[in-house]
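First up is the structure itself, then whatever we jot down about it.
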Amino acid sequence: MSIHKWLSTGSIYLNAEAVDEKEKDGIMFSSPKKRNKYGPALKHFIPIRPSPSDSRAMPSNSSGFFSFVAVSWMTGLMWKAYRHGLSEEDLYDLQASDRAEPNAHRLERLWHEHVAQNGEKSSLSHVMWRFCRTRCIVAMVFMAFAVVFQFLGPALIQQFILQYVEDKSVPLWWGLTLVFILFWCQLLRNYCFGAGYVMGLHTAIRVQGAVQHLIYKKMLLLRSGGERVLGQVLTFCTNEQERLFEACHMGILLLTTPVMFVMCLTYSLLVLGPWALVGNIVILLFYPIMGAIANVTSMVRIKTVKVTDQRVGLMSEILNSIRLIKMYAWEDSFANKIADVRNMERKQLQTAAFLQSFSNTITPAITLLASISTFLGYSFTGNNLFATEAFTIFSVFTAMQFTVGTLPYGIKCLAEANVSCQKLQKFVLRPNYESPVIKSVGRNIIEIKDGTFSWEASQLDEPRKKGQRKKHQSKQGQKMTNGIGATAEEKGQFISSEENQPIETLHNIELEVSRGKLVGVCGSVGSGKSSLLSAIMGDMIISSGQLYVMGSMAIVSQQAWIFNDTVRENILFGLPFEETKYQAVVECCSLQRDLELLANGDKTEISEGGSNLSGGQKQRINLARAVYADKDLYLLDDPLSAVDAKVARNIFNRCIKNKLKDKTILLVTHGMQFLEQCDEVLYMKDGLISERGTHEELVSQGGDYCQMLQFDQIRDQKTTNEVDTEHPLHMEGAENELAGKLTSEEAHTMTQTGWKAYVDYAKFCGGYFVMAMLLLLVLLFTLSRMSTGIWLQIWLDQGDGLEAERKENITRYNLTNMTEEELKGYVNDNPDLWFYQLMYGLTFGIMLFIGLMKGIGIARQLLLGSSRLHDTMFRKVIRCPVSFFDVTPPGRILQRFSRDMDELDVRVPFFFEFVWQGLMFVITQMLLVCVIFPVFSAAMIVATALFMFLDVWLNVGLRETKKLDNLLKSPVLNHMSSTMAGLSVIRTFGRQKIFLERFCARLNRTLASDFIFRSSVRWFTFRMDMIAVVIVTLTGLVVVLLRDSVTAAQSGLALSCVFAVSTFVPFVMQLKSEMQARFTSVERILEYTQDLPEEAAGKVETQRPPDNWPWSGQITMEDVQLRYRPDLPLVLHGVTVDIKGGEKVGVVGRTGAGKSSLVTTLLRLTELAGGRILIDGIDISTIGLHDLRSAVAIIPQDPVLFQGTIRYNLDPFGEHSDDKIWEALDKAHLKEKISREEKQLLCPVEVDGENLSVGEKQLICLARALLRKNKILLLDEATASVDVETDHLIQETIHDAFGHCTVLTIAHRLNTVTAYDRVMVMDSGKVTEFDTPENLMNCGDSLFRQMMLAMGISSLRDSSAT
């Protein structure tokens, strides 16, 4: 099977007949009819099994029961991590059953069956349960057995031991037997818990892989993508999948609660009678309270996720547009936008954190309240309370604490997972791409019958009225469905929860294209040329009519898509390498010289998006990819506009006319010399095919096509192409591609680690004093919690208050020894009974009050700290030089703003409170035991030393595995970002399967690292549990052997403390280690707050330029030298020029000659290596970057638009009135088009302006520059993608609107610069000529003259004729 059925049908659901199929050449498909499907899992119960034959395979699934439960197969890896650290090569590969592919296929099959049965009532949560049901049930059974053994120790065995202590006549052997039984109960509890835990871990990893695979697969099927969708996808694969993981992993603990409750209820009734019901009712009432808290938390979580999605999407957009943002000096404005969204997110997070903290407070308190209410009620009614019964019940209720605590945690995990499933279900049910390709062979390859096509656009909020103040907007924005209190326009958020409203772009299209034809497509800017190709690809919605494509397609998009891989892989695009074919493609696309001059040839790596390539180089690689694919139909969207005239003719003749001569080609171009060689020409206007015929036929008709021709009368000379000659693959000034590696590797080690990271984090959270106060509150809460048990022991030991008198009487009158119970008397006979009862009740109130104060403090300060860290990191990132973003993949930065911030916002506050609370509980309880039994101190010191050694060992291993886990997540996120950017290209080429397999390879490595990380936690916990088993056994032994030296109440208190600690300490130490591992996210964020390169200051207060600067726009360059990095050669060599204020200067020369470097120097995107630049007499190196860049307007080569509206793109921060915006649109020749739109200025703009042509986007950038009204305008080949007529209009606008401004134009059409005041000719980083066009044309050996003659222009009069 060459392609998946879900690819051919365009459905995320499998067809029914596909259920039993197996994929042989790629992705595995597991059949539901597989025999003995539980066979491999049942082998885990074999005690000992041989090691797997493949040493790279994860040993867990092949290990015996003891190794499987104890995670002994990890010992070697943990020791290596402790001694030498870990690298990626040390990781195991997942075994087949844990990989993403088979699990994703099974999940899809279950989803398909569920949808077929339930239709619109389908629930992905239900399918998830079916997916992991069997394994979860088995894990729950193991957990239930663990709870039974956990109950037996503090209940039955402790009661027998206390009876043994009280009754001195019982022989020693019975006490030792009880200790032996106690040891086995604890050991079996450890193994049962371990079995359930590890099984849950395996299940969670499978769910994690299946869900991420499903998300990526769905992403490949989306009809439309964009940054917002990418933000959602990244959130799914970072934050939401973590929720699903925890639900599978920790949700299995839910069954333990009812099992423990039933046992405790039954046993406490047997021991204490009906009054035991009081405590059990208290615990029972606790569950609905925690359920209500979980529901509120879930609601808060839903609101938080929406704001988080918005922040991540906005951050992604900022990173993708960072160069433009820096050129326009918009850093502060976007920082304010991010800060506003973050503040809203922080408020929601603080609410959730407080609710979580309240849960952490009430959970340990509820079992104490149960004990207090039971004992007070029992004693108030005149019943006598004895130590044996009291501490047995106390221990039973304390034993319930773990299960009581896990219930709300498990409910929280399931509630959050349910929210994630609902979000995921909405994403899965989004409209799918439907391929127009049909399997039919006829005379025509394309048939469109009365087709009307629409773009899918986002629905906007209510438009803003003129002059409406921002605070009013904020109130109006409260009505937004996402709950964010500001208008969409104000916050840069333009996606609502409603269905997208299509915008009709093409109307009444009738088109038939015969096989083997070369069809030219032309028209003015925004006429629908690119939309026609998009409609043929299936990227647009068919509003009416029919579309058939009978053959395979390849697309060469106007804005080339390059992914992070080698040059060769970008050309092969997943196809096998064929030397002869490959060389022919490279030659016909004029790439052979580029590859010859590279150190690594075509194996040189290209950065994400091709930021290290010029537009021409990216386009030629794009074209080579299409030619190598050998498709039936080629859609070429103006690929010749990005290369020079000579290369364009060469590509047209050798590639399009020769190499592809038997193919069907639709060529969008503005070049008449190419259109006249086409078999047929389509002229588009306002979304219609207004004229159609051969070049000669359309010229003879004298219509719009003929009028366009008048702007290009000198045929074969006047082109839309660049005049400069393409150079080999070379990022201007960056020679590091010669090493073949252009994307920096992420460091495995970080500078902000260990205690320094904790200290720095404390500073962000309010400083040492604030953190010390928080820890003091945690300590006070722990002491108040422990005081209930101590007071109970004091109360019971006091008896009726006459014990001392009785002892004196025994001594004085030589009476017979009394039992301990007779000596103490009855507590109800104590005259101070009311005092003991009152103090016992007050301990709960004090504990609750301190707990609430602790929760408020932790929620507020830690979330304040995370927001400060976020804001600092954002400021540092936004202040990085452009070179940082060239070598750092966006996914790496986004991971810190998404997954790492999620850890900081949600996990760290929970772990901080829970771990410190747990550690102090364990320490105080053990100290209490040592006070009661001083002889136990020696054993406690040994146990503590073992704990600390294991803790240090684990921390090293956890830190290493977690760092690897973090490193391996970045490639997954980068791959997703890259896929979303090139979604239409991937689909058109039919490369979904290739990219899915690449994603699976990355995903499986990530899952393996995640599994190793979490297994290392269990490896440690099991061993800590074994030490706890020894401690419990030793305590029991000490109580039995020293029964004559302590009271039953003291023995009961000691045993209760040890049982509580033995149950709790492994869990606490696990969470402590996990907190330290997760703290790597804090370390990664701290790294970005301190260790990033930084640009010069935005404003230098002592060097602020005057308000009217620049007043004339004079630019003086004195011996300017530039290199992009200290170790790279100069790219500008002593440039010295003087440009007068208001002068229009054209800059020409070959690519790589240094033209764009001039722009870099004027905006200080890279600092000079020598010389200086003066603007109106002020040295620009002495002033702030914001002052400089806000004084210069630029129209870049690649137009950048933001998702939102036309108005938002022109004036993102509301600085101009509507009248001024309309005036700018009028001068940019866009007013007529925008005014025809229903929403006019609020007309939607899709992500990256996908619903606009490149020409229209360029005109919007021109309108931006017009609004700024700067004295200096830079045009960096800004009209390369517009037709000749529009270029002529732009030049007119520049002449009129910028008549008094200094204009520097990096020229791509020589006829445009001939009207300029002077022309600068550059070569090899030097200015070789700088004079008026007339003087240069009159100079016989002038390079400018030679270039003009090559274009067929022999005099300036010829050029002005156009």
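Cβ coordinates come from backbone N, Cα and C, glycine included.
Caution: TrEMBL annotation is automatic and unverified by curators.
As written in TrEMBL, here are the features:
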DOMAIN    137-408  domain 'ABC transmembrane type-1'
DOMAIN    490-711  domain 'ABC transporter'
DOMAIN    772-1063  domain 'ABC transmembrane type-1'
DOMAIN    1115-1349  domain 'ABC transporter'
REGION    459-483  region 'Disordered'
TRANSMEM  136-161  transmembrane segment
TRANSMEM  173-192  transmembrane segment
TRANSMEM  251-270  transmembrane segment
TRANSMEM  276-296  transmembrane segment
TRANSMEM  352-378  transmembrane segment
TRANSMEM  390-411  transmembrane segment
TRANSMEM  765-783  transmembrane segment
TRANSMEM  833-853  transmembrane segment
TRANSMEM  926-950  transmembrane segment
TRANSMEM  1024-1042  transmembrane segment
TRANSMEM  1048-1069  transmembrane segment
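Three or more CB pairs closer than 8 A are found between the transmembrane segment (136-161) and the transmembrane segment (1048-1069), so contact between the two stretches is assigned (pairs 6 or more residues apart). Within the model, the domain 'ABC transporter' (1115-1349) shows a mean pLDDT value of 82, rounded to a whole number.
Counting Cβ pairs under 8 Å to the transmembrane segment (833-853), the stretch among 251-270, 276-296, 352-378, 926-950, 1048-1069 with the most such contacts is 352-378.
Away from its own ends, the transmembrane segment (251-270) comes close to residues 136, 139-141, 143-144, 146-148, 150-151, 155-156, 196, 199-200, 276-277, 279-280, 283-284, 374, 393, 396-397, 399-400, 403-404, 406-407, 409-411, 413-414, 417 of its chain (Cβ-Cβ under 8 Å, at least six residues beyond either end). Long-range Cβ contacts of the transmembrane segment (1048-1069) within its own chain (Cβ-Cβ under 8 Å, at least 6 residues beyond either end) map to 150, 153-154, 158, 161-162, 165-166, 186, 387-388, 390-392, 394-395, 398-399, 401-402, 789-790, 792-793, 796-797, 820, 914-915, 918-919, 921-922, 925-926, 928-929, 932-933, 947, 951, 1020-1022, 1024-1025, 1028-1029, 1031-1032, 1035-1036, 1039. Using a cut-off of 8 Å between Cβ atoms, the transmembrane segment (352-378) and the transmembrane segment (276-296) share at least three residue pairs, counting only pairs 6 or more apart in sequence.
Here the transmembrane segment (926-950) has long-range neighbours at 786, 790, 1020, 1023-1024, 1027, 1030-1031, 1034-1035, 1038-1039, 1042, 1046, 1050-1051, 1053-1054, 1057-1058, 1061, 1065, 1069, meaning same-chain residues at least 6 beyond its ends whose C-beta is under 8 angstroms from one of its own.
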